[in-house]
Every structure is written in C-alpha cells, then in structure tokens.
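Peer 1: So Swiss-Prot lists the following for this protein:
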BINDING   T81, D83, E96, Q115  Mg(2+) binding site
COMPBIAS  11-22  compositional bias 'Polar residues'
REGION    1-22  region 'Disordered'
SITE      K98  site 'Transition state stabilizer'
Amino acid sequence: MVNYPHKVSSQKRQTSLSQPKNFANRGMSFEKMINATNDYYLSQGLAVIHKKPTPIQIVQVDYPQRSRAKIVEAYFRQASTTDYSGVYNGYYIDFEVKETKQKRAIPMKNFHPHQIQHMEQVLAQQGICFVLLHFSSQQETYLLPAFDLIRFYHQDKGQKSMPLEYIREYGYEIKAGAFPQIPYLNVIKEHLLGGKTR
C-alpha cells in the first residue's frame with residue numbers, strides 16, 4: 001500500500017524538519033575556484049599552473065588489512081612556499097591565495113616570513129609573483145603584485161593588517177566569471193606584462 005498522497009508527504013515533512021540545516025560548503029571555496037580556473041586555462045592551452053603539494057613526513061602507518069593502509073601520524077617536512085606555480089606564455093608564475101571574511105583588511109599574520117622570502121627570490125629571477133586576495137563578505141577579489149605585498153610586509157615585519165584601501169590602490173580587482181571563474185591571466189597580460197606576450 002502506497003498511502004498516496006498524505007502519509008508519504010507528511011513523513012517527508014517530519015524528517016526534513018527534524019534534521020538541522022548544514023550550511024557548510026554552500027558556496028564554492030575560493031581555492032576551488034582557482035583550481036577550476038587553472039583547469040580551464042590548461043584545457044584551453046593558455047597556461048600550465050598547478051597547486052603545489054605540501055611535503056609531509058609519514059611517521060606511523062596502521063595496516064588493518066594489507067590493502068587498506070592508513071596514515072596515523074604525519075608531520076610537515078618543511079614549510080611550504082606559495083600555493084601555486086606554473087608557466088604562462090613562457091613566463092614563470094608563482095602565487096599565493098588568501099581568503100578572508102574580514103571586510104576592511106587582511107591580517108598579515110597569514111603571510112609567513114619564508115613565504116615573503118620565497119616571493120622575493122622569485123622576483124629576483126624575473127618571475128611573475130603575486131597574491132590573489134578574496135574578501136568573501138563583499139565577494140571582491142584582487143590580484144596584488146608581490147612587490148606591493150613585500151613592501152607593506154616590511155613596514156612592520158608583518159605585524160598589522162593590510163587595509164582594503166591599500167589593496168584597492170596597488171592591486172587589480174578581478175571580476176568573477178563563468179569560464180574562467182577567476183580570470184587572473186587577463187590582469188597579468190594587461191597590467192603586469194603591459195599587454196605583451198612572447
């Protein structure tokens with residue numbers, strides 16, 4: 001017996017009311033948007049840019065079954081540098097991605113001294129280096145050249161927050177799109193390379 005339509009619909013209503021709503025992962029995270037953008041650039045033959053893996057040292061592995069090994073304990077082997085690197089039109093690209101819920105600034109404690117040093121080294125080798133900053137509460141995204149990030153960082157050794165006004169003055173706003181989602185190569189081509197490509 002199906003009990004159409006009343007008992008089925010009332011049962012559904014009761015279960016949906018009794019379950020708490022989970023708002024986790026409602027929107028795509030900024031990093032996932034960058035990964036989707038990089039996949040698009042790769043599929044179109046525009047750039048080859050990948051997320052850098054974080055090196056870990058495995059300490060203990062549990063083998064409940066021979067085919068089901070489980071890492072129980074692991075540590076970071078070394079401090080990571082930046083999130084992404086690759087090649088665009090013959091230029092080496094290296095960048096960090098940061099997202100904040102704050103409305104007026106991004107905390108500089110999110111940038112570590114070894115990351116700043118790495119960015120300085122990339123710039124010394126004529127690489128293209130920058131940070132993509134996403135203010136999730138305003139849905140604003142900026143590309144800030146590493147030079148401007150480093151300059152601000154060295155003012156007080158990364159102790160204070162970088163105001164949004166500074167980012168708007170020295171960075172470039174990126175409007176989200178469909179394909180690619182975060183078209184940062186447009187900013188690189190137009191502003192960092194002056195419209196030239198190899």
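Here the Cβ of each residue, glycine as well, is placed from N, Cα and C on the backbone.
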Peer 1: Are there any residues at least 6 positions away along the chain from E96 (Mg(2+) binding site) with a Cβ closer than 8 Å to its Cβ? List them or say none.
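Peer 2: Once residues fewer than 6 apart are set aside, E96 (Mg(2+) binding site) is near T82, D83, Y84, F111, Q115, M119, V131, L132.
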Peer 1: Residues near the Mg(2+) site, T81, D83, E96, Q115 excluded, by Cβ within 8 Å of the Cβ center?
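Peer 2: My list of surrounding residues reads K52, S80, T82, D94, F95, H118, M119.
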Peer 1: Using Cβ atoms only, which residues of the same chain lie under 8 Å from K98 (site 'Transition state stabilizer') while being at least 6 residues apart in sequence?
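Peer 2: The list for K98 (site 'Transition state stabilizer') reads I106, N110, F111, V131, L132, L133, H134, given in order along the sequence.
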Peer 1: Other than its own, how many Cβ atoms are within 10 Å of the Cβ belonging to D83 (Mg(2+) binding site)?
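Peer 2: Result for D83 (Mg(2+) binding site): 19 other Cβ atoms within 10 Å.
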Peer 1: Enter the number of other CB atoms within 10 angstroms of the CB of T81 (Mg(2+) binding site).
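Peer 2: That number is 17.
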